[in-house]
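Peer 1: Quick one: structure below, then a few questions.
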Amino acid sequence: LLLILCTLWEIAGNAMYFMGISKWFLLGSRLVSGLGAGGEALILAEIGRVTSEEDRTGIISTLVSMRQLGLIFGPGLNFFLRLSHFYIGPFLVDKFSAPGAFMTCMWTLQCLLLIFFFTDLHILHGNSEREIRATEEINSQKRIIGSNDDEKCRKLTLKLLYDDYIREEIIVLIALQFNSFFNQVALETMATPLSQKLLNWGEIENSLMYCIAGVEVVLVFMLVRFLSKRLQDRTMLVFGCAILTLANCWLMYVVPHTSPDNPQKNIAFFALGIILDMIALPFLVVCSISLFSKLTRKDSQGLSQGIRRSVVGVSCILAPLWAGSTIDKPYIMFGVMIGLLVMALTMLIISFSKLNTNKDGKGTHQITQETLSSVQHEQDQERQPLLSQN
């Protein structure tokens, strides 16, 4: 029901954007659509509840890569939508309003799919009832517990929030997500004006750049899914943060020292920074989401993902303001971004031992087999005749 409500907010927001009655109406449309963005936290919370910790990183990588596919095809659709020029009732559909009309139709279709075809994620994930119970027990066994009252039904209080989220490992992950998204969105903000200034690129060239970058990101997401079975999330986070720091250091050197008079030479230097940034992005996004869900309680995944998404939202608001105001001062712009990343990387290294979700020395597969056997034994005992148990 909550997902359907989120899609209804998106339908209303995009319909308002399509109508575009006034600038304040357009601003209101973005606010309404923002209410529907909470659906992301709901989906990730459900994934955190129904998947094992061994499989979760790979599944989240697949989900986020699907989102990235949308970001790849989205800019390409503008090639066709900008040719629109017709009326729907009193409203003109042109290159400015066509995206709103198109997204209204897409979200309406999504809402219908949710109503008629969406089922329990346990079923979609292919788990039987016995496996579901085992997965829940596994997640409970591997959860970091700070007190003895986790088995009780606890009310949402300030003390509960403090005990659950004011912990070193949680603060490190929240800071890392803020800094990484801040850097990523800032880079996306500055990419278009810098490409126009240094490469003399127009709208088509920039759209192609984003499409190529999107394809690279999807490939890296596939790599993250492959590595998630072999490396821990914390290890991939350190790698991603280091690569993103390197990308920003390279751009801080390249941008002030390139001349707009030689765009052909500038392409290679500019592209290298973008490639490094796109390599780092999937590692940071996927592993931070997955590890955050593993270090927080299973029964509060909705609240946890909501807090995480709020922090990410704040970083996405501040990043364009910072990049836009310092675009002509690259040393200051990249210097602050590098400083944030170095701080996050230092925090990761210092708290590396506390970011381990497998402290009991057993692999997840081993725990799975033991727990499944235990659950199966309990079910067999329940099915035996009463006299045979004596």
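Yeah, the Cβs are placed from backbone N, Cα and C, and that goes for glycine too.
The feature region 'Disordered' is assigned by TrEMBL to 371-390. The feature transmembrane segment is assigned by TrEMBL to 24-48, 69-88, 100-123, 170-187, 207-224, 236-255, 267-295, 307-325, 331-352.
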Peer 1: Thinking of Cβ pairs under 8 Å, which stretch from 100-123, 307-325, 331-352 has the most of them with the transmembrane segment (170-187)?
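Peer 2: When the Cβ pairs under 8 Å are tallied, 307-325 comes out ahead.
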Peer 1: Should anything in the same chain at least six residues away from the transmembrane segment (307-325) have a Cβ under 8 Å from its Cβ atoms, list it; otherwise answer none.
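Peer 2: Contacts with the transmembrane segment (307-325): 37-38, 40-41, 165, 174, 177-179, 181-187, 189-190, 289, 292, 333, 336.
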Peer 1: Going along the chain, which residues at least six beyond the ends of the transmembrane segment (331-352) come within the CB cut-off of under 8 Å?
Peer 2: 168-169, 172, 175-176, 179-180, 182-183, 186, 190, 234, 237-238, 241-242, 244-245, 248-249, 251-252, 255-256, 322-323
Peer 1: Do any residues, 6 or more residues outside the transmembrane segment (207-224), come within under 8 Å Cβ-to-Cβ of it, and if so which ones?
Peer 2: 57-58, 61-62, 64-65, 68-69, 71-72, 75-76, 78-79, 191, 195, 201, 236, 274-275, 278-279, 281-283, 286-287
